[in-house]
Amino acid sequence: MDNASDDPITTSTVPCGPDEPAPAEELQPSEPPAELSKRQRKKLLKLQNWEERKREKRLKEREKAKAKRLEAIERGLPVRTGPSRKELKRRQHTYSEATIEVAIDLSFDQLMIDKDVAKCVKQLLRIYTLNRRSELPVPLHFVGIDPDGAVRRHLARNDGYRHWDVQFSGEHFMKLFEPTRLIYLTSESDQVLEKLEPGAVYIIGGLVDHNQHKGCCYELALKYNIRHARLPLAEHLVIKTRTILTINQVFEILLNVHMGKEWQQTLLDVLPARKAYRLREDSIYTQNLPE
């Protein structure tokens with residue numbers, strides 16, 4: 001367990017960092033302390049070896065990417081379409097133009113198996129990256145994190161997560177924000193999110209297994225007497241199958257609409273192509289779509 005002074009979950013603000021986790025300090029496999037049991041020693045050595053292999057793999061990937069860039073330059077091909085990591089690192093994030101905030105409620109440790117917690121944290125990384133690369137980023141909060149829980153443990157496996165441009169907190173969202181600003185997004189709500197409300201804090205439930213715990217986020221909104229809303233999927237698309245959006249997909253939809261995109265175009269851009277859906281002909285936005 002990290003010291004409290006180094007743990008972003010115990011602080012309110014985390015400084016800006018690159019869009020992907022930075023490499024950790026060199027940790028060479030070492031002989032475990034003698035007081036550990038044989039099983040613990042074996043497990044620790046295995047973990048150290050895994051960390052070493054991961055670092056070697058990253059180095060190889062970087063060398064491979066560098067070689068591809070050089071080859072592209074020599075052949076006169078485009079190298080990249082987005083900003084480089086150096087450019088992103090130099091970019092100072094300001095939220096003066098942001099009209100909303102987004103909080104990911106990560107208080108569901110006990111409702112997910114470890115595999116789903118790992119999926120959840122991968123989606124958090126995707127959310128951080130999307131926001132970091134956005135031309136109009138929003139203040140982003142990861143809240144309700146149990147310092148001794150599975151989410152915290154999986155976060156710690158991402159080297160450099162302490163430097164993400166995210167506000168981490170172990171506090172409940174009701175303690176962090178004015179209740180009147182909160183809007184919990186849940187598919188069970190009877191309120192349709194037609195437009196983003198300036199000054200609102202939109203809460204996305206950090207729960208991967210929605211099949212087993214359907215309605216959990218809606219029940220939380222009712223319990224704490226805060227507003228709730230659902231994304232306007234049915235208002236813009238005809239969907240033949242039940243659609244369960246990932247945490248990062250919900251965030252990406254909010255981020256795109258926050259940037260000024262229409263709902264229908266945003267949904268088409270974010271929803272996976274394998275989903276069986278078509279445009280609603282009676283949607284008032286259909287005529288605004290590009291040919």
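A Cβ is built for glycine as well, from the same backbone N, Cα and C atoms used for every other residue.
Just so you know, TrEMBL annotations are computer predictions that nobody has curated.
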**Message:** Please identify which of Cys216, Cys217 is recorded by TrEMBL as part of the S-adenosyl-L-methionine site containing Leu185, Gly205, Leu231.
**Reply:** Cys217
**Asked** Three states by DSSP: which one describes Cys217 (S-adenosyl-L-methionine binding site)?
**Response** helix
**Asked** In angstrom units, rounded to an integer, how far apart are the Cα atoms of Asp209 (active site, proton acceptor) and Cys217 (S-adenosyl-L-methionine binding site)?
**Response** 12
**Additional residues surrounding S-adenosyl-L-methionine, by Cβ distance to the Leu185, Gly205, Cys217, Leu231 centre under 8 Å** = Tyr184, Thr186, Ser187, Ser189, Ile203, Ile204, His228, Arg230, Val250
**Complete:** Cβ proximity for Gly205 (S-adenosyl-L-methionine binding site), under 8 A, sequence spacing 6+, ordered by residue number, returns Ile104, Asp105, Phe108, Tyr184, Leu185, Thr186, Cys216, Cys217, Leu220, Ile247
